[in-house]
Amino acid sequence: MAEFQQRGEDLEHNLAECKILLKETQERLKKLEEDRQEGEEDEEREAELKKVQAEVKKLRKDEKMFEKMMEEYRREEKKLPWNVDTLSKEGFSKSVLNIKPDTKEETEKEKVEKHKTFVEKYAKEIKHFGMLHRWDDSQKYLSDNPHLVCEETANSLVVICIDYEIDEKHALMEQVAHQAIVMQFILDLARALKVDPRGCFRDFFSKIKTADKQYLDMFDHELELLKERVRSCAQSRMEGAMKELEEEERQKRLGPGGLDPVEVYGSLPKMMQRSFDEKNIQMLQEAMSKLDPLEGRYHLLRCIDSGLWVPESGETDDEEDEEEEDQSEKEGDK
């Protein structure tokens, strides 16, 4: 019975491995065909194209063979008599592997709520997984906590990466980013095989531990892309926070007339700026006297509205009366 069960597990593993290789080879073939359409004819490229086409053909044949062997195995399994071995065998990986993911469409609100609830419940476990370095440790931890093999964990790990990058903890960001890509590869594999990700994460670790250079390069490439996105997102968040802080400070600075004293000060003539720097009222009056009355009046009112200048009671009324007198004199001269 143990040998029979082992044969079933080996067949499942071989079938999953074959599907992964077929998917990767099909992607290589697609890229080669696109390159051929874009560029000129090349003998070396044509030879590589034919080689990859042959690999795809062979892998499809192998896939059908393994599927047929699995069907035969399941038929034999159904014919087995019920006994202690068949009733009490550990069937987690097999039963989960054969469960297709739930295809029910979730609304955006439901997704957000689901993510929030999951992260609040498993925040400690997710962070622990993000700190694991060895493949074997990651596999064992997911075996002990299969509920973590999901989209919510992958998203949460990315959020942790961004928080670390904002705090300038770059080494921790890169470590968690590695685990985020591990989870993303597992989820991609599950989608390719159309199975529950909890049932195929062992296949990912089996492959990555013995992977060829091409597969490892692909993993490293995705990791670098994620780190770039995290840095960009962290930078955007910091810039947004700075803008919010600057706007809050600006709102606090606004004078009684709703103007920003910093902006008003920057628009003043140099002589008026100097008088405010030295807090010299006489110098301010001299600067005002050298300006056109309308221009001087414009700057003075802006200084009052921004709080740069706080006039004594009745001062603004006197200014208005003087302006009216000046205006009347000008009209009389005409």
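Positions of Cβ are set from backbone N, Cα and C atoms, glycine also.
Because TrEMBL annotations are produced automatically, they should be read as predictions rather than curated entries.
According to TrEMBL, the feature domain 'Cdc37 N-terminal' maps to 1-95.
The feature region 'Disordered' is assigned by TrEMBL to 31-51 (among others). Helix first, then strand, then coil: DSSP counts for the region 'Disordered' (31-51) stand at 17 helix, 0 strand, 4 coil.
Per TrEMBL, the feature compositional bias 'Acidic residues' maps to 35-46 (among others).
For 88-249, the entry in TrEMBL reads domain 'Cdc37 Hsp90 binding'.
The domain 'Cdc37 C-terminal' annotation in TrEMBL covers 253-334.
The region 'Disordered' annotation in TrEMBL covers 309-334 (among others).
The compositional bias 'Acidic residues' annotation in TrEMBL covers 314-328 (among others).
Summarised as a single figure, the pLDDT of the domain 'Cdc37 N-terminal' (1-95) averages 74.
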